[in-house]
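One structure is given below, encoded as structure tokens.
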Amino acid sequence: MVDGIGTLVILGAGGDLAKRLLLPGLGQLLDADRGHDFRLIGVGFDEMTDDEWRARVADSFAAGEATGPRARAVAGETRYLRADVTKPDDLRRILASVTGVPALYFALPPKVTIAACAALRTVGVPKGTVLGLEKPFGTDLRSAQALNRKLVTLVPETHIHRVDHFLGKSTVLNLLGLRFANRIFEQVWSSEHVERVDIRFDETLALEGRAGYYDKAGALVDMIQSHLLLVMAIVAMEPPSSLDAEDLRGAMTQVLRATRVWDGDAVTASRRARYGAGSIDGHKIPAYDKEPGVDPELATETLAEVTVGIENWRWAGVPFHLRSGKALSDKRQEVVITFKDVPHRPYGFTGNPGPACLRISLNPDSIELDLNINGEGNPFTIDRVRLDVNFAAGEMAPYGEVLHGVLSDDPTLSVRADAVEECWRIVAPVLAAWRKNDVPLDSYRAGSTGPTAWR
Ligand code: BG6
């Protein structure tokens, strides 16, 4: 058994995040039997009976194919409390109902989390309390700094888990093995041999009824400010001496501290666009600004691209292109390392398929190495060949993995305070340029690859 957490309290239990991601991951974690023994309490603003809540938990566990005895036991005895988590009296009532050390998981929008943490300070928390917080952490650099200052007055930094489920993706974790358990890659992992790095997360999903959250975030904050910059930090970090929380997170933060928008110019280093009506896989998709709950005045982007540079000895001069968008034609979700071309190709060879590249795909989980070799037939013609390997799926969905970290109070896969602040600092000039309208909001058809002019 993992000592410690006696009760997991999900604040925002009635929300979409809890239903679609958190609870299925939790069910898988229970089935994986990694030694946790806790009670579950759901807290939400809406009225719900214990039985309704239990049915909801069981449904979400089933959606994650978690139907084992431990998942069933937790779903069968969980309780639901109706509460306004920004009110100290309600928080006292919640804390009075926990047994053992609580883990409080804020599955709430950033503004509500900030207000709840302020209220929690007047109440105090039991010794050993662990906090789990969803991204986006704060709404900008200043609010993230203020929230960090508040949180450490509640519990020590080591008990604060800023959750980013991309750090629980098995292929993101495989990057560590690929880089640091193979001598061959580390030798070429620098500006001397790498031309550019692309980190891309194109989704075919559109808004999915999430206007309340997404319309205020947009693609840049939803994906690049958090997930993609952290993936970049793993791709670009110096080899840590161990995988413990201090070494790993220290190495990641160092990369982020060295990162700036390309050429220091947010206008030339970024692009944004919003989808119009179209169709994906035969389903009609309405224009983003016609979706219920969207305020067209906010000019929220659904596709964002930012180029950054890492200003250190290893990476100076290599552009890192980060891109993510919704309602696109393909799920291209990958990290692509494009190597520099060879310094000289012996005279006599024909054909040039371009430089070698390494593609780490997050969907499906695989690695592909594109190399140039002598083609079939004429041995003096250079052709492309692909070496590829698919990874077996991880034991659990990413949320199971990050929840394991929270419930074991192991911060290795949670984002440290300084890393979150660096991520906001990196995107701040882009957000400012977009707010001033210095970068046009382009448009693309839902189901396309993006604006025609970007191709
Ligand atoms: C979430 C974003 O954090 O990550 C979503 O809020 C996005 O907009 C999702 O769709 C993508 O991650 P995954 O693992 O669900 O593909």
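For all residues, glycine too, the Cβ spot is worked out from N, Cα and C.
Nobody curates TrEMBL annotations by hand; they come from automatic prediction.
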Given TrEMBL lists His165, Lys169, Glu203, Lys326, Lys331 for substrate, the same-site residue among Asp140, Asp222, Asp295: Asp222
Recorded positions compared (His165, Lys169, His227, Lys326, Lys331) - the one with the fewest other Cβ atoms within 10 Å: Lys331
Fewest other Cβ within 10 angstroms of its own Cβ, chosen from the binding-site residues Asp84, Glu203, Asp222: Asp84
Integer average pLDDT (0 to 100) for the domain 'Glucose-6-phosphate dehydrogenase C-terminal' (178-453): 95
Closest of Asp84, Val85, Lys135, His227 to Lys169 (substrate binding site), Cα positions, recorded positions only: His227
Spatial neighbour of Lys331 (substrate binding site) that is closest, considering only the recorded positions Val85, Lys135, His227 and their CA atoms: His227
Listed binding-site residues with Cβ under 6 Å from ligand 1, out of Asp84, Lys169, Lys326: none
